[in-house]
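Right, one structure below, let's go through it.
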Amino acid sequence: MVAQAFTVDLNKPLVFQVGHLGEDYQEWVHQPIVSKEGPRFFASDFWEFLTRTQWWVIPLVWLPVVCWSVSISFRMGHTLPEVASMVIGGILIWTLLEYTLHRFLFHINTKSYWGNTLHYLLHGCHHKHPMDGLRLVFPPAATAILCVPFWNLVKLFSTPSTTPALFGGGLLGYVMYDCTHYYLHHGQPTKEVPRNLKRYHLNHHFRVQTKGFGITSSLWDKVFGTLPPLKGADKSR
């Protein structure tokens with residue numbers, strides 16, 4: 001007797017269903033459903049609430065933290081140009097972290113029940129429902145938890161007086177990333193640079209999901225050779 005493949009019921013909470021897909025999860029999650037209305041994740045209203053975040057909450061919550069963190073380095077004796085260079089350095093660190101997390105963690109292949117479940121919560125839901133406007137940015141509670149290892153990472157290669165500004169720059173880079181990510185999905189850019197960035201990112205969602213991991217820029221895709229092929233190159237193969 002051949003076991004019947006598991007079918008996800010989109011009318012029921014999804015999180016604890018997707019794990020049952022097993023090896024079929026990767027194919028399922030990379031077949032996007034284009035709808036601005038996202039699915040329900042949990043039966044619990046409390047947990048469901050924690051998965052939904054308006055984009056403007058990100059700068060509202062984190063920009064004051066950025067300013068406070070950067071001001072610490074300034075008060076510890078660093079000049080304005082020194083602090084500015086630390087902030088820029090922090091932003092650059094974030095762009096590399098953004099690329100690394102997206103490529104190696106968000107796109108990890110899973111097939112176990114809990115592996116699929118955790119991947120769906122982390123990033124799979126975004127590929128399955130890429131236009132879900134309330135799940136495009138990272139919930140502040142989760143970001144707060146991740147700030148702890150990021151602070152400790154920065155401390156490894158900086159001094160006590162430079163750590164706050166570098167951290168603040170990295171956090172500013174994250175805010176820019178999340179706001180940019182939302183705009184690339186729901187904005188209608190008229191200028192060439194943001195229009196090309198939107199095309200670049202949507203290409204990652206709808207054409208070549210194993211390339212183009214940069215969100216705010218294609219810098220690290222160029223460095224590490226993960227630029228997506230041109231459409232003409234795809235057709236010529």
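The backbone N, Cα and C atoms fix where each Cβ goes, glycine too.
Caution: TrEMBL annotation is automatic and unverified by curators.
Given the structure is predicted, the values throughout are model-derived calculations rather than measurements.
Per TrEMBL, transmembrane segment is recorded for 55-77, 83-101. Annotated domain 'Fatty acid hydroxylase' per TrEMBL: 88-226, in sequence order.
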Positions whose Cβ lies under 8 angstroms from the transmembrane segment (55-77), at least six residues beyond its ends: 83, 86-87, 133, 136-138, 140, 143, 160-165, 167-169, 171-172, 174-175, 178-179, 182
Restricting to the domain 'Fatty acid hydroxylase' (88-226), what is the model's mean pLDDT? 96
Take the domain 'Fatty acid hydroxylase' (88-226) and count its residues per DSSP category (helix H/G/I, strand E/B, coil), listing them in that order. 99 helix, 0 strand, 40 coil
